[in-house]
Amino acid sequence: MCPSAPAALPRPPRILHILHIQARAPSKCQVPVMRGLYAIIDTDALARRGIDPILFADAVLLARPAAIQLRDKHGSARRMLDLLRALVPRAAAANVPLFANDRPDLALLAGCEGIHVGQDDLPVTAVRALAERAGARVRIGLSTHDLTQLDPALAEPIDYVAIGPIFPTVNKEQADPAIGLPALTDLVARVAAVRPGLPIVAIGGITLETAPHLGALGVCAAVIGALLPPEGASSSDPNGPDALAAVTARALALHTALLQAKAPG
C-alpha cells in the first residue's frame, strides 16, 4: 500500500540549491528551463532489486533533480494510479515536476505536472486536447530517435523533446540503436535552429562518467541504471537507510555533474 503523505524533505546542500535556482530561471522565450538530472522511477528495474518505488523516489527527490518520471510498463492501471497519487505531493514538496510515462489518463487523474509519450503512444495533439478537456495545464514531452522523428516532433505542441538512446541501454525492451554523442550534437543544433529554447532530454545508458558531456550540450539527462545498485549486489536491506542514502548520493552526483558542465551560450 502506498504511503498517503510525504515526509518533510531536508534542505539540499547550498551549492546544489544555487545550481537548482539557476537551472530553473525562466528563459527569454518563457520556456521552462530543464537542466540536470531527469530521474526515471522504473518499476521493473526497481522490482528486480527489491526496491520500493516510493522510498526510491523519496531518496531521489532529496537531490532536487530537474524532474522525475514514473515508468510502470507492466503494472496494472490501478497500481500506477496509486503510485502517481503518492508521488504527486512528494514531488510538489520538493518543487520537482512529476511526469507520467505513456498514460495521460492516469496522469490527469493523479494531478501530475507532466506527461511523457513515445512514438507509438497517443499523439501529442490528442494528449493536449485531453488535458484541455479536463481543464488541466500539463507539460508534454515526446521521445525521438533520429532526424526523421525529430523534425515532426518539433512541429508538435510539446514542452520538451527527448532524444535517444545516446548509449546502449538494457532498461528498455527493443531499444533503438544508440546514436552516440556526435549525432546528439547535430540533433541538439537542429532543435536550436527550429525551436530555440525548447528543452532537450537525452536518454539511454547515461552514467556519471558521460554526464558532463551531456551537460556541456545544455541538455537534461534521463537516467535509470546509474541511479541503481547493480543487479545482484549484496544488500541486507535494499530499502534500508544506507541503501537509500546511496541512491541520494548517486542522484546528487549526477545532477551536480550535469549542472556544473559548461553549457553553450
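Keep in mind that glycine also has a Cβ here, set from the backbone N, Cα and C atoms.
Because the structure is a prediction, the values reported are computed rather than measured.
Residues or ranges marked as domain 'Thiamine phosphate synthase/TenI' by TrEMBL: 37-222. Taken from TrEMBL, the feature 4-amino-2-methyl-5-(diphosphooxymethyl)pyrimidine binding site covers Gln69, Leu70, Arg71, Asp72, Lys73, Asn101, Ser143, Lys172. The Mg(2+) binding site annotation in TrEMBL covers Asp102, Asp121.
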Cβ packing number for Lys73 (4-amino-2-methyl-5-(diphosphooxymethyl)pyrimidine binding site), 10 Å threshold: 12
I need the CA-to-CA distance for Asp102 (Mg(2+) binding site) versus Lys73 (4-amino-2-methyl-5-(diphosphooxymethyl)pyrimidine binding site), whole Å please. 8
If I restrict to non-local contacts, at least six residues apart, and a C-beta distance under 8 angstroms, what lies near Ser143 (4-amino-2-methyl-5-(diphosphooxymethyl)pyrimidine binding site) in its own chain? His116, Val117, Gly118, Gln119, Ala162, Gly164, Ile203
Binding-site residues compared (Asp72, Asp102, Asp121) - highest count of Cβ atoms within 10 Å: Asp72
Work out how many Å separate Gln69 (4-amino-2-methyl-5-(diphosphooxymethyl)pyrimidine binding site) and Asp121 (Mg(2+) binding site) at their Cα atoms, rounded off. 16
Give me the mean pLDDT over the domain 'Thiamine phosphate synthase/TenI' (37-222), rounded to a whole number. 96
Measuring Cα to Cα, tell me the gap between Arg71 (4-amino-2-methyl-5-(diphosphooxymethyl)pyrimidine binding site) and Asp121 (Mg(2+) binding site) in whole angstrom. 14
Check Asp72 (4-amino-2-methyl-5-(diphosphooxymethyl)pyrimidine binding site) against DSSP and tell me helix, strand or coil, would you? coil
Asp121 (Mg(2+) binding site) versus Leu70 (4-amino-2-methyl-5-(diphosphooxymethyl)pyrimidine binding site) - Cα distance in angstrom: 16
Between the C-alpha atoms of Asp121 (Mg(2+) binding site) and Asn101 (4-amino-2-methyl-5-(diphosphooxymethyl)pyrimidine binding site), the distance in angstrom, to the nearest integer, is 10
